[in-house]
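Some features that Swiss-Prot has for this protein:
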DISULFID  CYS28-CYS84  disulfide bond
DISULFID  CYS38-CYS67  disulfide bond
DISULFID  CYS59-CYS80  disulfide bond
DOMAIN    28-84  domain 'BPTI/Kunitz inhibitor'
DOMAIN    90-134  domain 'WR1'
SIGNAL    1-23  signal peptide
Amino acid sequence: MASMQHFSLAALLLAASICLGDADRTECQLPLDKGTPCTQEGGVKPSVAWWHDDKSGICLSFKYTGCGGNANRFTTIKNCEQHCKMPDRGACALGKKPAEDSNGEQLVCAGMREDKCPNGYQCKMMAFMGLCCPTKEEELFAREYEGVCKSGKPVKMDRGSGWMMTILGKSCDDQFCPEDAKCERGKLFANCCK
């Protein structure tokens with residue numbers, strides 16, 4: 001009985017931390033705002049910054065023009081991820097709903113045991129459990145997140161959070177690619193190609 005009380009208390013604390021954690025992260029839901037060019041002499045020069053795209057659930061790069069903008073702007077991808085991506089939260093790619101049982105409850109799966117998921121769904125592990133997510137969207141998101149260059153050239157990588165990662169943005173209009181790379185638009189994201 002005591003272990004059940006401990007489990008209930010832990011679940012309550014986790015739920016509270018998730019709810020309270022989201023309450024002070026409203027800036028992460030703001031749309032991209034590139035700001036405006038600074039007109040004052042000695043103003044901030046344009047630079048690459050990151051914003052949290054609430055729809056995709058990831059941090060994307062863009063060219064910040066130097067002045068103004070909103071609070072959904074971070075100087076590094078690491079800062080963006082630490083502030084906006086809850087490590088104990090998870091969701092299916094592109095905001096798609098996980099599979100549900102006949103009672104409307106989300107189907108829970110474990111690891112690579114996709115036999116627990118209906119056809120067209122795959123097990124996606126979250127922090128504490130797995131959900132059955134639509135396979136088509138999960139595969140598209142994974143492919144796009146790694147970056148694809150239609151030109152056949154390699155994707156430009158950067159040491160963003162301490163490891164090599166693809167430089168991604170929402171659109172080539174966001175002008176986030178370094179000078180030695182060309183932006184190419186994919187189905188979901190834009191990435192930099194060598």
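Backbone N, Cα and C define each Cβ position, glycine as well.
Note that this is a predicted model, so its numbers are computed, not measured.
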Given a 10 Å Cβ-Cβ cut-off, pick out the one of the disulfide-bonded residues CYS28, CYS38, CYS80, CYS84 that has the most other Cβ atoms nearby.
CYS80
CA-CA, which of the disulfide-bonded residues CYS38, CYS59, CYS67 lies nearest CYS28 (disulfide bond)?
CYS59
Between the disulfide-bonded residues CYS59, CYS67, where is the Cβ count within 10 Å the lowest?
CYS67
I'd like the per-state residue tally for the domain 'BPTI/Kunitz inhibitor' (28-84) from DSSP, helix first, then strand, then coil.
10 helix, 19 strand, 28 coil
Within 10 Å of CYS59 (disulfide bond), Cα to Cα, which of the disulfide-bonded residues CYS38, CYS67, CYS84 are there?
CYS84
